[in-house]
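Taken from TrEMBL as is:
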TRANSMEM  A:16-35  transmembrane segment
TRANSMEM  A:42-60  transmembrane segment
TRANSMEM  A:98-123  transmembrane segment
TRANSMEM  A:190-216  transmembrane segment
TRANSMEM  A:237-258  transmembrane segment
TRANSMEM  A:270-295  transmembrane segment
TRANSMEM  A:307-330  transmembrane segment
Amino acid sequence: MDAIILQILNGLDKGSAYALIALGLTLIFGTLGVVNFAHGALFMIGAFCAVTLSNVFQISRTVIDETRTDFLGNPLKVEIPYVVDWFGESAGAAIIDWAVPLAILFAIPIMITVGFIMERGLIKHFYKRPHADQILVTFGLAIVLQEVIKYFYGANPIPTPAPEAFRGSFDFGTMLGFEANQILYPYWRLVYFFFAAIIIAGVFAFLQFTTFGMVVRAGMADRETVGLLGIDIDRRFTIMFGLAAAVAGLAGVMYVPISPPNYHMGMDFLVLSFVVVVVGGMGSLPGAVLAGFLLGILESFASMREVIAFIPGINQVIIYLVAVVILLTLPRGLMGRKGVMED
Amino acid sequence: MTDQTIQTISRDPAPTAPAHRAKARESTVLGLTRKDLTLLIVVAILTVFAPFILNPFPADSALAQFNAGYPDLMQRFVIFGIFAIGFNILFGLTGYLSFGHAAFLGVGSFAGVWMFKLLGMNVLYAIVASVAFAGLFSVVVGFVSLRRSGIYFSILTLAFAQMSFALAYSVLTPITGGETGLQLAKTDPRIFGQSIADDGNIPVPSFFGLEMRDSTTLYMGGWEFTLNVGYYLCAVVMLVAFYVAIRIFRSPFAMMLRAVKSNQQRMNYTGLNPKPYMLAAFVISGMYAGLAGGLMVSMDPLAGAERMQWTASGEVVLMTILGGAGTLIGPVLGAGFIKYFENIFSKINQATLEGWFSVFPDGLSDLLVTLVYPFVGKGWHLTLGILFMLVVIFLPGGLVQGGQKLATVFRRDKNANAVEGPAADQRSQAGE
């Protein structure tokens with residue numbers, strides 16, 4: 001029992017990442033009808049926003065501290081970050097410590113801008129082109145973005161820690177009445193899960209309860225009619241693209257402490273997210289979220305030692321296997337809309 | 001369907017179909033029209049003289065690093081050419097975008113190495129086995145994947161390829177060698193050959209006694225040309241593969257595939273079942289990929305699972321699109337182009353750049369080096385990505401279409417417009 005709970009918990013954080021990326025992909029597909037292979041790159045850019053902010057906070061000036069000496073007896077050089085100068089000792093240290101959560105604020109405008117530029121500059125010209133061309137051009141864009149990041153940040157993963165308060169694990173088992181140290185779960189993963197839940201709920205609430213969201217939903221159902229009503233649907237869809245980019249970017253920002261970002265993390269997630277979208281059903285937002293969590297949890301179950309002993313290698317292929325089975329049995333995926341890419 | 005003729009790189013205006021085809025039937029050599037025969041002969045001449053053509057700079061000159069005429073790279077040109085020709089039979093004719101073709105190449109490689117281990121070092125065993133096994137594997141994958149089309153087909157092929165990669169990397173280690181790759185050993189049985197060569201080493205791949213790595217180097221003035229047995233074997237196989245591809249492109253079978261591409265529903269309404277044709281195309285292109293894998297291990301008897309990763313499948317997509325999907329020569333051009341970039345362009349380092357720009361004043365030369373450096377050397381992927389995007393955006397017909405456009409400009413021949421127009425139309429019908 002405790003093992004099962006542990007696996008469900010383990011699946012949640014990866015599932016959250018899948019769900020967030022898949023949600024953005026589905027938003028773009030559902031509104032603009034574009035298959036965006038560069039979405040993984042947006043996730044990666046988000047992650048590097050966090051890295052950048054953390055680096056910026058650590059820009060320091062060097063001061064010679066006369067009171068202390070190094071091992072040769074010379075006066076010690078001390079690096080003092082400017083942030084500490086400006087905000088004082090404790091506040092400055094806290095800001096540096098909280099770089100990753102603060103990067104959320106930093107990433108939102110950047111991601112929305114990147115999304116706007118992408119949509120207006122490139123994707124706009126591909127609405128009328130076939131899906132294969134959209135896949136190819138965004139695939140090319142993904143390569144370009146990934147190489148640009150590689151040029152500036154190098155090829156190695158860059159570890160960026162979570163704030164001090166969220167390091168370490170807490171004992172989830174004792175809360176449920178199990179023995180101590182049976183179910184240990186890192187705090188940050190829990191944070192990630194709640195963060196993802198809030199973002200997902202936010203996107204759904206935005207689409208469901210605002211006038212803007214209503215127009216967008218109407219546009220997803222029938223773009224032409226909404227246009228005929230005198231609503232500038234293209235502009236709203238552009239904003240939705242920016243929003244989807246922001247969702248992917250935020251997923252990336254918060255994922256940084258879980259696994260150090262490198263330039264190809266986007267591609268690694270992209271392939272799986274596409275599988276998630278297809279399993280959930282093209283164009284279905286709840287489907288994308290459901291499939292994201294489902295596949296994340298399935299993946300972590302498949303990596304249990306008992307399961308691997310029973311079916312060797314299953315942990316490597318489970319997601320693809322599920323995708324193949326679902327695609328062949330349910331033409332629309334789990335919750336796909338009728339008439340959306342059903343061929 | 002007057003757009004048959006645009007499949008060639010020839011720039012003749014397309015005449016009305018029946019008259020043209022009747023004329024073509026009269027004058028066939030090897031079952032090829034004169035135009036296709038010319039293309040085949042041009043390609044043959046280029047491949048045979050490639051060691052000379054690709055080495056235009058003297059060996060000790062500063063530009064020698066742009067020489068691509070060394071055996072290893074030339075082998076890769078033709079092997080990836082075969083891979084791309086095969087991929088094009090599927091994508092170019094039917095519009096089905098497979099993101100998992102590298103799996104067949106990988107299966108072919110593993111089958112090839114196993115033949116070296118079990119039977120003997122004759123490359124014939126490896127090549128035959130790699131084609132056969134890749135064919136069998138593609139029957140299975142194709143049968144399942146072709147039940148869906150569009151993006152679902154892409155995802156299914158991707159899923160199969162990723163599964164094969166993951167399994168080859170972990171569970172199937174006894175068969176695939178896992179992380180280290182599958183290597184030859186002195187203890188291998190090699191029923192029809194020797195386990196250990198006379199000199200005490202592992203024997204090298206050969207074709208009835210001709211060792212693949214044998215080379216002759218010709219010195220002419222400052223130039224050095226290396227003629228390699230392995231390269232010429234690959235070249236002959238490539239020419240045969242190219243000839244078969246031309247025949248396929250000109251066959252009624254290809255007509256059927258193009259019909260599937262332009263409107264599958266109408267095909268169904270006419271009472272034809274397109275599935276067998278699609279499966280045949282898929283298997284043929286899988287066998288081409290297997291052939292490439294078999295040749296790859298014949299040149300260097302080592303197979304690793306990373307050959308099956310989806311990025312490798314992405315590479316062949318890049319090659320085909322860059323060169324021109326649906327054209328005969330395009331994929332070969334694209335493969336050569338990308339492999340040249342990968343091997344030559346990536347070698348340019350900061351010192352080389354500084355050498356080039358040293359003619360300019362100091363400040364300007366530094367600026368130029370800083371501006372150019374991100375795009376060369378290790379950053380060549382960036383250049384490739386940008387180039388690929390430009391091609392997809394502006395030249396959906398790839399480099400071949402680019403060549404045709406240039407030709408139109410230079411010829412100022414209004415009739416030639418008839419050629420590139422339909423070419424673009426046809427490309428834009430790809431995908432769905």
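Using N, Cα and C of the backbone, Cβ positions are placed for all residues, glycine too.
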Contact set of the transmembrane segment (A:237-258) with the rest of its chain, CB cutoff 8 A exclusive, min separation 6+ beyond the ends, reads 13, 16-17, 20-21, 23-25, 27-28, 31-32, 39, 42-51, 100-101, 103-104, 107-108, 110-116, 118-120, 123, 160-162, 166, 188-189, 191-192, 195-196, 199, 203, 206, 212, 216, 219, 265
CB contact flag for the transmembrane segment (A:190-216) and the transmembrane segment (A:16-35), at least three pairs under 8 A: yes
Long-range environment of the transmembrane segment (A:16-35) - Cβ separation under 8 angstroms, sequence gap at least 6: 42-43, 119, 123, 126-127, 131, 134-135, 138, 192-193, 195-197, 199-200, 203, 216, 219-220, 237, 240-241, 243-245, 247-248, 250-251, 255, 269-270, 272-274, 276-277, 280, 282-285, 287-289, 291-293, 295-296, 340
